[in-house]
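Here it is: the structure, laid out below.
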Ligand SMILES: Nc1ncnc2c1ncn2[C@@H]1O[C@H](COP(=O)(O)OP(=O)(O)OP(=O)(O)O)[C@@H](O)[C@H]1O
Ligand SMILES: [Mg+2]
């Protein structure tokens, strides 16, 4: 628990608070003084945020997006880990599937969203597919590294006590690879949220990305920025939570 | 049934080749012969790269050989077996498991129930003086304590043969002397046969009934020195003129091999 507090405390340090305050001040004045129509002052954005939040307009899209995100991430974690573990353990799987994983890791996945729309239509499946496309490759890559990078001395030890291939996977490779799996999870969540919003903006009628599209097309700048603020916070909270979870798991094991 | 007549470890005319990346076959071991009698403590000493670890892995059943035969307790080796257990130079403890679970790891691999393996592991932690650390994690222990866990893990499976590959080489010199005495204490209370690899001549002489000296390129046995020091061996033993003499003899033989190595040819 004290670990949790210490982690949270890292965000409340003076240098960060000062740069945050500076950003807020610059934003406020730039928004007020210049006649830049595209940048409302921060105070107006915050007011719009409070207004939207308390009216409940944000709640449904937030929940809706979250369900799609979790569905996509669950599939990514399950399939991505399985494929990654297979690649990490077997040369044949590595040769057969490795190149696709490498390509998928760097390919601009947003290009596939129109394809998903054609396949799945204008529905939740499309953004779930986008979440998966954005996150599955990084999960698989990390899973492969996780089971491949085991200390050979530990493998030898387990073998000398008669452990077979699967026993070694369960008892040695998977637990030893935990830091890599957690890194994959963290990156997968971050990329999955990118995929979610990307997909929703293109689909235009659902979730938080749908709100971005909606307020953007009518030039309701304060509400648009309020939603963007919500998305940034949403992503930061998710990634922060997963990072914390990872640290807790690893310190619990007291490496 | 005179199984007792067969040695604990019998290595006969064993040769081993490694195939390097460019496809060349190099001979790592050349017709090695070695026997460890039941209840005997034998050390192997030799220059780096002479194939000591390779030998031990083959006896442990985790590495194949090309020619010759190896048997343990009268049965040919064809993989790891319950009558053998290994203690590793790098300890090879699992950092995410408690000391107790580490000590019980071998038993878990043999399918013992949690209650049974914890009971045995606790017993052995007591033997190696770590009863109070059962719930600690390896990272919280000193090197010497970690290797005691490694020893407890090996002993927990009740082996007949204990294989040790430089088990004390990563441990500070003072602790090392203490661990040597402790190891002999444990060994003398059992009928364990031990094959022990080391680079330390005094360690080999202090522990062993016989010291096997190996030369390199390719690995082969050059000498076997009987250590006729009385047991039990104590701190007194280290000051015994005979101990000093035997250590010097081991060094003489080894030094010959080392100068060969430097000259690149026998001198
Ligand atoms: N997997 C392998 N592939 C190719 N060559 C190997 C392999 N393992 C060992 N060797 C070679 O076999 C020889 C013997 O190695 P080994 O590790 O058994 O030596 P060692 O006597 O244990 O040395 P040290 O005292 O340094 O531990 C060395 O020349 C080494 O390079
Ligand atoms: Mg070695």
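Just so you know, glycine gets a Cβ as well, placed from its N, Cα and C.
Nobody curates TrEMBL annotations by hand; they come from automatic prediction.
As the structure is a computational prediction, the values presented were derived from the model and not from experiment.
According to TrEMBL, the feature domain 'ABC transmembrane type-1' maps to A:62-246. What TrEMBL lists as transmembrane segment is A:12-30, A:37-54, A:66-88, A:100-122, A:128-147, A:224-250.
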How about the transmembrane segment (A:66-88) and the transmembrane segment (A:128-147): do they have 3 or more C-beta pairs under 8 A, pairs 6 or more apart in sequence?
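Counting Cβ pairs under 8 Å (6 or more apart in sequence), the transmembrane segment (A:66-88) reaches the transmembrane segment (A:128-147), since there are 3 or more.
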Under an 8 Å Cβ to Cβ limit, what residues of the same chain, 6 or more beyond the ends of the transmembrane segment (A:12-30), are close to it?
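Non-local partners: 36, 39, 41-43.
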Quickly jot the same-chain residues contacting the transmembrane segment (A:128-147) by Cβ under 8 Å, restricted to those at least six beyond its ends, or write none.
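The answer is 68-69, 71-73, 75-77, 79-85, 87-89, 94, 98, 101-102, 104-105, 109, 112-113, 116, 119-120, 169, 173-174, 176-181, 183-185, 187-189, 191-192, 194-196, 198-199.
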Looking only at residues six or more beyond either end of the transmembrane segment (A:100-122), which have a C-beta under 8 A from one in the stretch?
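Contacts with the transmembrane segment (A:100-122): 83-84, 87, 129-130, 133-134, 136-138, 140-141, 144, 195, 198-199, 202-203, 205.
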